[in-house]
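Residues or ranges marked as domain 'NADP-dependent oxidoreductase' by TrEMBL: 21-300. Taken from TrEMBL, the feature active site, proton donor covers Tyr58. The feature site 'Lowers pKa of active site Tyr' is assigned by TrEMBL to Lys87. Per TrEMBL, the feature substrate binding site maps to His143.
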Amino acid sequence: MDLTATNHSVTMSSGFKIPLMGIGTYGDPRTTPKGTAYESVKLAIEIGYRHIDGALVYFNEHEVGQAIREKIADGTVKREDIFYCGKLWNTFHPPELVRPALERTLKTLQLEYVDLYIIELPMAFKPGDTFYPKDENGKIVYHETDLCATWEALEACIDAGLTKSLGVSNFNKRQLELILNKPGLKYKPVTNQIECHPYFTQPKMMQYCKQNDIIIVGYSPLGTSRDPSWVNLKNPPLLEDKLLVAIAKKYNKNTAQIALRFNVQRGVVVIPKSFSPKRIKENFEIFDFFLTDDEMRAIEVTGCLPVKSKVLYCSRGESPTAHTCVFPAPTSNTTPQVIIKP
């Protein structure tokens, strides 16, 4: 597939296209200055981004929507050029709350529809006014909800014209099977948004999703946090990895661009989040070079090394919908030796 800055979309099972390069919009509302998401999304659209990933729980959809509408108004793009992904938060899983949650997002964005609406996590929290309900001991209060019933309510949102496609996030194989094997399934999930980067390449999930015509959307494509409970700190941060550094030098790129190109080249959608104008621009500059098969294989090998144990959010034992999704990491800490040919 010949990917370019203006043509890098793939077709989902719903028949609609999704750009392989997107921009994430999460920012801690306690520390992110007002207007940051607005300025970043506006710049991203001017640069060439057409895929914007957002969520109600990010508390900035009003800024994101304003940026989108202004770039439509000034003629930079048309609404159909923009691909917006919204998310159903955990407190809205009961079927009667699903459509109101999506309508809340649309009202905040001031848009008539979203292109993709996904279940953010396969676990439900107690419904209410707070997004993170806790008991007297400070523990999250979960809520028993049938994922299939939630999905049926989402299917009705497609029929109502509120979203074009449906997807999931942080789902493991067993949770995906619940939806795919649901009697009377009308619209299947077209995407599964999961952590995916050169240190966590997700080969098993990629294979399963490919078999079921589900596209992987990779969040944290530039690496996860350096939490010592699940990252081997003896290994370098992803963007300092020696292999990525060597490949980046060959192509006169930075390591972030190599990490993003790796995923995009294997058909994984990436949604790097940045509020830095310089990085927003650099992250998009990945369509003027091509990694060799040897380089792709070498990067895939690194994905078996640095993580102590790979745990998805859906594995949390307290959750009534939790299923085991832990993959022991290899004991080897050896960095693969790869010759980068000029």
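Just so it is clear, glycine is given a Cβ too, placed from its N, Cα and C backbone atoms.
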With a 10 Å radius around each C-beta, find which of these recorded positions (Lys87, His143) has the fewest other C-beta atoms nearby. His143
Helix, strand or coil: which one is His143 (substrate binding site) in, per DSSP? coil
Across the domain 'NADP-dependent oxidoreductase' (21-300), what is the average pLDDT of the model, as a whole number? 97
